[in-house]
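Structure first, commentary second.
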Amino acid sequence: MRELRFDGVSVRFGSRGHRVTAVDGVDLTVPAGSVVGLVGESGSGKSTLARAAVGLVPLSAGRVTLDGAPVPTRGRRPLQMVFQDPYSSLNPRMTIGATIAEAVPRGTDRRAEVARLLALVDLPDRMTRYPAELSGGQRQRVAIARALAGRPEVLIADEITSALDVSIQGAVLNLIRDLQRTLDLTILFISHDLAVVRYVSDTIAVMYRGRIVEHGPADTVLADPQDPYTRELLASTEGRSR
Amino acid sequence: MGRVLRTPLGAAAAGTVAVVLLLAVLAPVLWTDAANAVDTGQIQQGASADHWAGTDSLGRDIFFRVLVATRLSVQLALLATALGVAVGLLLGTAPLLLGARAGRVITAAVHIAVAFPGLLLALFFAVIFGVGTTGGLLAIGFALAPGFARLTHTMVAGVAGLDYVAAARIAGVGRLRVLFRHVLPNVAEPLVVNATVAAGNALLAFAGLSFLGLGVQPPDYDWGRLLGEGLGAIYLHPEAALAPGVAVVVAGLAFNLFGEAIAKGVGLERRLGTSTSRFRRRPRVAPDPDDSAMLVVENLSVGFPGTTPVRGVSFSMRRGDAVGIVGESGSGKSLTALAVSRLVEEPGIVEAERLSFLGADLRAGEHRRLLGTSLAMVFQDPMTSFNPTMRIGRQLSEVARHHEGMDRRAAMARAVDRLAAVRLSDPERRARQYPHEFSGGMRQRAMIGMGLMGKPALIVADEPTTALDVTVQRQVLELLASIRAADDVAILLISHDITVVEQVCDRVLVMYAGRIVEDLPAAELRTGARHPYTKALLAAVPDMTTDRELPLTVIPGRPADPANLPPGCAFAPRCPLADARCATEDPELVENAGARVACWHADVPAEVIS
């Protein structure tokens, strides 16, 4: 069980003259064993923050730590990520068994471990299938199983339901909730949908133009939003469900 | 591969390649003696029954020499290709393996090398490596490498940016393994095709080098050298030069065409069938004279080869109506909208008993003007629906100039007026801007404004807010509602999000597997829904009042596949109420008190389901 911390994290793209600041001095703590929901519109920097945390995007300033230590980039990775689009996050030419096995640490019985992981995400007996034979929701569950293969303590879920049909979204959200409770995971849950974030998160952080503009317990943020953008977001979301 | 062989070109190319390869293996075994037999009595003779292509300066039979030279020519071409491909792969994948900085240097070097013509590079290398077979081999191999390296690099960069490569890296998979397991298998097809074409080119290039005297040296001989020897006497007996020339052309073409046939075959797999789009008329039901309906759709189906994604959809709309169609991806909702706008593309076939808009029968004849001015279409992605190189105002005014014959100035004035109508601030300045200067929400407004250039009676909006942020979504939906109220414009809104439809529309059509399964007033959606699918859809979406302690309601199973539907109700495999009857008989859409529902168990109260 670990705590994920962002300290003054900034990410800038481009060279001098065309410099874009995607993430601008973000301080955010995801306490051990809790779910922090990060909500914001497209282009607000949510996904860049997630990619920076796992080392896919270099930081321009600040640091990302797990229990005070830098995130390891070699060997066993205690920080894993699930991507938005299950159609591009699985290699179309590898069976799902092989995809998951690849992420299982050396020295374990890979076959048994893959079977255990697939059972965990409620997809037994699919080891020899290819991604094309699975539906979007099933693919997303495979992606979750792969993320869990390294026995991570911290998981980043980046818009994991936005590419799915509404009828399937619920099943994936339920799975994430169950896994969080049984495995005691620390989760940073990123979404543009406030209702979805509200459903899974203990704490909510609102991101706007690269900055965290509001951060607090879910009930407080939703009942008494301080930032004008949060209020607008809340009004738009409530408007949708009268 | 089988597909490649079935095309005439592919079969011919594959056959020729096979013959060439067979000759390369067998000819030297069978005819070396005949090719080397010196006959000083028959020096430089023309074609005859004994020597089909004549003889050379030592009286050797040129025809047999050409056959025997097949091995060396093909062998050298293949070796040079292998070398080029290997070096190209190494250079092309190096940026992935070595990281950004070293990669940039290599990529720059490759780009410079690509700028030189291949034959020039080959001559340059031939000078470096010395004249001879090995020199020529290295020269042509290295000359092929830069082009192949660039192709590899581009393909690899495309795949390396995908999420599954990122996921593998996060999982701790090493770079080499990422390359071999994730990247190369997914770029192999185009690379193989290109290597085949490159083999043809290498064959030609090697013939060229040998012809110039830089390649194969005596006593060895390949087609290029035979060509060079025969050329001296071309005015006396051209066969001596023509025979190796024909061999080079045939073999080179065979490799090239074979590569292109494979490329086409690979492309074919990604295409649908090829039949043409048709609009079939069904026998017309008695016309309805006192018809207040603006849009009437009766028994509409849309078919593609192998599947029928829209099956028997019927509904009608009056002026000012707002009707929403909801359903999952693959439910046929977008195709229904496209069929109404007559935008179903080949090879789709639209059939209907009735499809009339403002009294015109859309099943027959040209209705471009009517549809262009009275029906507006708003698509999901506002970025791709505008031409990026034209100013917004010009794109809007073209509609009025084209359909209503307005002059440029009046049309532009109307465009500015319409941009103001969709509540874009400073419309005159906006009209002079390009699409990329607009945000997503502004583009979607401009798109709606374009629809308002005519006098639309109906706006068909297909997922108009899906690509937009939540806060912008609301503004666009409010805009649609206010346009409807102001001008009595009807709106047909397609969405996967039942809450969006509920907010804007007064009727909701729920589609599943190509059929309408329920049609009810939007106000009764929460209380009066009777189809289990509608109820499940409503329960599955979390809102701001969902109980966080309970699991979300889920619809088990996966959405129906239109190509493979069960005999009975398409929803039955996922339905908690399904029984034997549901599995065998598809329920009709039955009208009852202003609503329609297609379910055998429509009267079971909601509590039983949840």
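Placement of Cβ uses the backbone N, Cα and C atoms for every residue, glycine included.
So that you can see what the record holds, here are the features copied from TrEMBL:
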{"type": "DOMAIN", "residues": "B:70-259", "note": "domain 'ABC transmembrane type-1'"}
{"type": "DOMAIN", "residues": "B:295-538", "note": "domain 'ABC transporter'"}
{"type": "TRANSMEM", "residues": "B:12-31", "note": "transmembrane segment"}
{"type": "TRANSMEM", "residues": "B:76-100", "note": "transmembrane segment"}
{"type": "TRANSMEM", "residues": "B:112-145", "note": "transmembrane segment"}
{"type": "TRANSMEM", "residues": "B:151-171", "note": "transmembrane segment"}
{"type": "TRANSMEM", "residues": "B:191-214", "note": "transmembrane segment"}
{"type": "TRANSMEM", "residues": "B:234-258", "note": "transmembrane segment"}
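For the transmembrane segment (B:191-214), the partner stretch with the most Cβ pairs below 8 Å, chosen from B:12-31, B:112-145, B:151-171, B:234-258, is B:112-145.
Contact counts against the transmembrane segment (B:112-145), taken as Cβ pairs under 8 Å, peak for B:76-100 among the stretches B:76-100, B:151-171, B:234-258. Looking at the domain 'ABC transporter' (B:295-538) alone, the prediction's average pLDDT is 87. Nonlocal intrachain contacts for the transmembrane segment (B:76-100), taken as residues 6+ away from its ends with a CB within less than 8 angstroms of a stretch CB, comprise 106-107, 109-110, 133, 136-138, 140-153, 155-157, 160, 175-176, 178-179, 183-184, 191, 195, 198-200, 202-203, 205-206, 215-216, 222, 255.
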